[in-house]
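S.K.: Take a look at the following structure, please.
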Amino acid sequence: MAVLLVTGTDAAVGKTVVTAAVAAAVGASGASVAVLKPAQTGARPGRESDVDTVRRLAAPAHARSLAEYSEQLPPLAAARATGKPPVALDDVLLAVEELDAEHDLVVVEGTGGLLVPMGDGWTTADLAQQLGGLALVVARPELGAINHTALTLEALSHRGCPAYVVIGAWPVAPDAVHRMVLADLPGTRAGVVPDGAVGWPPERFRRAAPSWFAPGFAAAVTVEP
């Protein structure tokens with residue numbers, strides 16, 4: 001199973017734009033990419049969802065969410081607040097298995113950080129362990145990123161999950177803090193996505209996305225473990 005789990009050091013670190021960038025970069029290599037969002041929170045009429053953003057920017061072969069909640073809360077809390085059933089881990093695993101049968105790579109985008117409660121009794125970390133594939137940790141180049149990234153990588157390592165790191169919003173004019181984070185961020189860095197790329201025209205985004213990742217990245221993530 002070729003699956004890549006995109007998680008982050010926190011909420012609002014750029015997971016969705018990185019997910020779109022991965023889909024665009026791998027898709028540019030000729031591979032068929034499916035994107036799955038287990039739980040979308042903050043889903044409101046007229047508001048672009050994470051899956052909508054990925055479709056607009058990357059146009060993957062397939063993209064969908066399993067559960068949507070109107071409250072902008074962690075998925076389990078959002079389910080309780082809206083009176084909807086929480087997403088089940090087994091349902092996510094089944095959806096990934098079905099998509100894997102039809103596509104070269106399944107990209108699964110988590111919600112919030114690695115240990116945020118996704119459903120009853122499970123977190124994104126549990127999903128990563130069950131999937132048994134690679135994880136991609138998205139971090140912002142800000143103060144605190146080194147510690148948060150190290151903690152996330154440690155949690156994944158303890159679960160036997162290999163991981164890459166991507167900077168999710170590299171500024172046009174980096175300062176000393178940004179450069180320090182770039183130099184000292186732990187883990188194996190797979191790429192750097194520019195800040196503001198979410199607002200780029202789709203054609204420009206898809207053309208540029210392969211250059212944001214390390215050479216050989218697309219081939220590495222489409223190889224089944």
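Every residue gets a Cβ built from N, Cα and C, even glycine.
Any TrEMBL annotation is an automated prediction that lacks curation.
Here's the feature list from TrEMBL:
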| type | residues | note |
| --- | --- | --- |
| ACT_SITE | Lys37 | active site |
| BINDING | Thr16, Asp50, Glu109 | Mg(2+) binding site |
| BINDING | Thr41 | substrate binding site |
| BINDING | Asp50, Glu109, Gly110, Thr111, Gly112 | ATP binding site |
S.K.: Quick one: which of these binding-site residues, Asp50, Glu109, Gly110, Thr111, Gly112, have their CA within 10 A of the residue listed as 'active site'?
M.R.: Asp50, Glu109, Gly110, Thr111
S.K.: Are there any residues at least 6 positions away along the chain from Thr111 (ATP binding site) with a Cβ closer than 8 Å to its Cβ? List them or say none.
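M.R.: Non-local contacts for Thr111 (ATP binding site): Ala11, Lys37, Pro38, Ala39, Gln40, Thr41, Pro74, Pro75, Met118, Thr124.
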S.K.: Take the C-alpha atoms of Asp50 (Mg(2+) binding site) and Gly110 (ATP binding site) and report the distance between them in angstrom, rounded.
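M.R.: Pair distance, Cα basis, whole Å: 11 Å.
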S.K.: What Cα-Cα separation, expressed in whole Å, is found between Gly110 (ATP binding site) and Thr16 (Mg(2+) binding site)?
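M.R.: Per the Cα atoms, Gly110 (ATP binding site) and Thr16 (Mg(2+) binding site) stand 9 Å apart.
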S.K.: If you count the C-beta atoms lying within 10 Å of each candidate's C-beta, which of the binding-site residues Gly110, Gly112 ends up with the smallest number?
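M.R.: Result for the binding-site residues Gly110, Gly112: minimum number of other Cβ atoms within 10 Å at Gly112.
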S.K.: Where does the residue listed as 'active site' sit in DSSP terms: helix, strand, or coil?
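M.R.: DSSP assigns the residue listed as 'active site' to strand.
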S.K.: May I ask which residues of the same chain, at least 6 positions away in sequence, place their Cβ under 8 angstroms from the Cβ of Glu109 (Mg(2+) binding site)?
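M.R.: In sequence order, the residues whose Cβ lies under 8 Å from that of Glu109 (Mg(2+) binding site) (at least 6 apart) are Val6, Lys15, Thr16, Thr19, Val35, Leu36, Lys37, Asp50, Val54.
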S.K.: I want the residues beyond Thr16, Asp50, Glu109 whose C-beta is within 8 angstroms of the mean position of the Mg(2+) site's C-beta atoms, in chain order.
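M.R.: Near the Mg(2+) site, the remaining chain residues are Val6, Lys15, Thr19, Ala20, Val35, Lys37, Gln40, Val51, Thr53, Val54.
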S.K.: Suppose we draw a 10 Å sphere around the Cβ of the residue listed as 'active site'. How many other Cβ atoms does it contain, all chains included?
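M.R.: The answer is 25.
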